[in-house]
Amino acid sequence: MPEPAKAAPKKGSKKAVTKTAGKGGKKRKRTRKESYAIYVYKVLKQVHPDTGISSKAMGIMNSFVNDIFERIAGEASRLAHYNKRSTITSREIQTAVRLLLPGELAKHAVSEGTKAVTKYTSSK
């Protein structure tokens, strides 16, 4: 009777693996490579449970998320600077999203962001 297949490790999972050096016997930690892969994978499974993603596509999605993050953070930073504020709040993030994303996409992003902030503050 065939055994059930073990679940494949989540794509993008990061583990600090220790490697033993050749003659010295010293252990060296592998550097951690941070990525949004596990989160992209979770969202993919929520939207399309039967669909997979290639490592190349995952790399593109990771680059996309990093790019959008940097754009929003940069715009929020400028907004805070223009208004002589030293703190980036959810208001700056929301305004940055409205400035960067087009039309309907901005509306959906703002509503999802507001929902996430509300959920976070209510859980405290």
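Cβ coordinates are placed from backbone N, Cα and C, and glycine is handled just like the others.
The region 'Disordered' annotation in Swiss-Prot covers 1-32. The annotation N6-acetyllysine is assigned in Swiss-Prot to K6, K11, K14, K19. Here Swiss-Prot flags 8-17 as compositional bias 'Basic residues'. Feature annotation from Swiss-Prot assigns phosphoserine to S13; the stated evidence is similarity to another entry. Residues or ranges marked as O-linked glycosylation site in Swiss-Prot (evidence: similarity to another entry): S111. Among the features that Swiss-Prot reports, ubiquitin cross-link is placed at K119, with the record citing similarity to another entry.
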(request) Could you tally the C-beta atoms, other than its own, that fall within 10 angstroms of the C-beta of K119 (ubiquitin cross-link)? (result) 9
(message) Validating a neighbour-count step here. Other CB atoms within 10 A of the CB of S111 (O-linked glycosylation site): how many?
(response) 10
(request) Give the distance between the Cα atoms of the residue listed as 'O-linked glycosylation site' and the residue listed as 'ubiquitin cross-link', rounded to the nearest whole Å. (result) 12
